[in-house]
Amino acid sequence: MTAAEHFISLVTVASAKKIAAILVICFILFHGMIHLIYGSDSCKWLLKEGRYKGDKEWQPYGCMIHHYTQTDSRRCLRYLAFMSHKNHFVFVGDARIHQLYKSFISQFIVDGKGFDSTDVLQQSNSNFNDAKLKLQVQFLWRPQLNISMINDFRTWMKEDAPTMIIAGCGAFDILNSNLSDSKNLYKSYSSGLIKLVQPADVLAKKGTQFLWMLQDPIVKENLPAHFASVDNNLINICNKAAVEVLIHSQTRLWESSKLIGQGVLEQSPDGYLSSPLSLRHKVQILLNTYCNDYMNFDDGTCCSNLEVTTTLQLVTILMLIFWTVAGASLWLYKKVCHNKSETFYGRIATEEVSDIIEDLNASEITQNEAPRQDFYTLITSLAILACILGYFYLCDRTNFFMKENKYYSEFSFWLPLGYILALGLFFTEDCERGPRALNREQTDEWRGLMQSVVLIYHVTGAKNVLPIYMHLRLINSAYLFLSGYGHFCYFWQTGDVSLVRFARVLFRLNLLTVLLCLLMNQPYQFYHFVPLVSFWFLIVYILAWLPPRVHSGSLAEYGSRALLYLALKLLGLIFVITILYMSEVFFEKVFVTRPWKALFVTTDDDIREWWSRWRVDRYSVAFGVAFGAGLLAFQRIDHIPGNVFIPLIALVSLAAYTIFTLLCVSVSECEEIHSYIVFIPIIGYIVLRNSSFAVRGKYSVLLAGIGKISLETLVGQGHVWLAADTHGVLVLLPRFPVLNLLITSFIFICASHEIHELTLILAPYAVPNDWKLVARNLLIFIAVLIPIGIHDGMF
């Protein structure tokens, strides 16, 4: 064996997970050092550093910035006014500060003319008031750091101080200095700054935020004649003096303002004044600094304190710690005292497929060897799961790791999708069970392909692109279509509608979701896809359970009536769905009934999210059941002659849906039509994928592997790959966005795979084969939920 072959043999799933665990430990140490050395104040990060992204949007270092609309800005100040806070801003400085002042007040002028950076700027004091917002914004014309500016600060020391002061100047100090002696400029500028140190410290004790804005660079060739002697070297001297003097005071140095101006310097109207884009970003930083901690926007983590940990979260964290300690103790005891070999990790003895929708084709039903169940396996599995959940909590409920805003561009969306498709085609193998339509490998591959698109969609923030959004809706519908198809095939082949089967599927779907709801203080509806697939599994289960129980074993009893009974059941399901859809009031009456109301509402006690998602895919599961019934009844796919028109028609159906999404003008219009036509592209894809024996006999190992863990990736993506409940992106390696995405993706996939494995291990303990033990465990689970439900008002 060559060295290369030996290396490849070492690359296994287990070794990848070990590398992921080592990376997590290293990044915990790395970020711990960052917090120890530089602190964990995200406001400092916001005001200190950042970069422009491809769309010229500003990304602060290590935290997420919320884009404040005029409505958001007024809402923030109205809330603070209601809470008896005064909103008093003072801008002190030269023409650049006056620009910022004008741009800032334009955020609060309803139906007013926006600020034009080319307007002539007056060289005098200005004032703006809004009584409804208790807002007062002043501009003091102080173009030079002299006694006038210093006296203003001394006055505020004795009188009522503003809430926030934004100051900065430099050009006039340069003009009034001896230009041949840079040391003289540094000395005189530093002298003025030193006189601001004491007032800044006193004002900080009074609760005033004082921001000193560093000077932007200039474009010397475009400068007005009266600024001809100013250059960037002299500006840098002023900035250097400000950093070296004010860093020892309570002043907040606004260093990122210089980087913002520098990044769009070519857009400056005269080489000195700030560009409109620069002003917009600076105003957004001011609003994020002032409002984020009060408004609690999901996509605004800069300057925002963490939410208070609830009692339920504390209890959950203590349980995770207990599991971890118990598992580690047992592992050490076994290693040190007994020196036994590794315990076998048992697999669930079950008929269902280990995938997101428990899809199972009729001929794929297998009985696995019964797993070994022992106390050691249970505790160590819970300990590993607790460690992974602890990582989830660290990533998304603390500021320990950094977060950044999403960034969408055509390039950032289509390039990774192209890579995934290319890699998927590269890792292609023959299907193990032969070229049968919708075989297990093919459905796994399909889910893996869809999940890859979903992940890229979420990480790039492509929600606002209507055609891409509608194709994501198509993917969600395809998942539910496969769910209906898979559950129907299982019930038809086995006739198993036992409590054990019911509990196993729900356990498989909901284990991670329930644990995250407890740990992350999230409602069940936050993980919107899991409630959908769980609800529709319950509907298909009831459909199969209701008499007459028609399945393959009952054909001899019912004969040709079996298909009639099946059709009547399906029509009854469609009728009930239509009734619920036609009356939104009736729909709400059904789903807001206690005690199951908590399963369908958000934290705001709002059911519209559930209504919206249920409405769009209301027929998708029924389509899947009908397709499964047709496929099992006729089995035509394998016997259709090789007609070139059939795959062509299937291709046209997929293209037609894409054209439909391009022609739609609104989301509501698209979704309304989508509900009725969604089966066309889905069946079109199935026909195209199975158009020949050669095509259906191959599958992508890579995509199938992703498909097997698609449930875990769907549920966990918002916490350990994305951030801030899916509104941002997790940052483990700052300043290197592409490398960071690769690292977080690797850790995320490894964590999802391990959770998938642990779920299979824990399932026999939670859902044994004996229905009496299952009923006992179910009663215990309900008993645990009752006090939680009472606390949350479920009863």
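Yeah, the Cβs are placed from backbone N, Cα and C, and that goes for glycine too.
If you check TrEMBL, you get these features:
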type	residues	note
TRANSMEM	19-38	transmembrane segment
DOMAIN	295-778	domain 'Cas1p 10 TM acyl transferase'
TRANSMEM	314-333	transmembrane segment
TRANSMEM	375-395	transmembrane segment
TRANSMEM	407-428	transmembrane segment
TRANSMEM	448-466	transmembrane segment
TRANSMEM	499-519	transmembrane segment
TRANSMEM	526-546	transmembrane segment
TRANSMEM	566-587	transmembrane segment
TRANSMEM	619-637	transmembrane segment
TRANSMEM	676-695	transmembrane segment
TRANSMEM	732-752	transmembrane segment
TRANSMEM	773-790	transmembrane segment
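Averaged across the domain 'Cas1p 10 TM acyl transferase' (295-778), pLDDT for the predicted model comes to 87.
The stretch in 375-395, 407-428, 676-695 that contributes the largest number of Cβ pairs under 8 Å to the transmembrane segment (448-466) is 407-428.
The recorded stretches the transmembrane segment (773-790) and the transmembrane segment (499-519) share 3+ CB pairs below 8 A when only pairs 6 or more apart in sequence are counted, and are therefore in contact. Panel annotation: around the transmembrane segment (676-695), residues 435, 437-438, 442, 446, 474, 477-478, 481, 617, 619-620, 623, 627, 637, 642, 646-647, 649-654, 656-657, 660 of the same chain, lying at least six beyond its termini, place a Cβ under 8 Å from a Cβ of the stretch.
Only sequence-distant pairs (6 or more apart) were considered; of these, fewer than three Cβ pairs between the transmembrane segment (314-333) and the transmembrane segment (566-587) are under 8 A, so the stretches are not in contact. With a cut-off of 8 Å between Cβ atoms, the residues of this chain six or more beyond the transmembrane segment (499-519) that come close are 312-313, 316-317, 320, 348, 350-352, 354, 356, 358, 385, 389, 392-393, 397, 526-527, 530, 533-534, 537, 541, 711-712, 715-716, 719, 755, 759, 762-763, 766-771, 774-775, 777-778. Non-local neighbours of the transmembrane segment (19-38) in the same chain are 44, 391, 394, 400-402, 732-733, 743, 746-747, 750-751; each lies 6+ residues outside the stretch with a CB under 8 Å from one of its CB atoms.
Only residues 6 or more beyond the boundaries of the transmembrane segment (375-395), in the same chain, are considered here, and those with a CB under 8 A from a CB of the stretch are 24, 28, 317, 319-321, 323-324, 326-328, 330-331, 334, 343-346, 401, 515-516, 519-520, 716, 719-720, 723, 730, 751, 754-755, 758, 761-762, 765.
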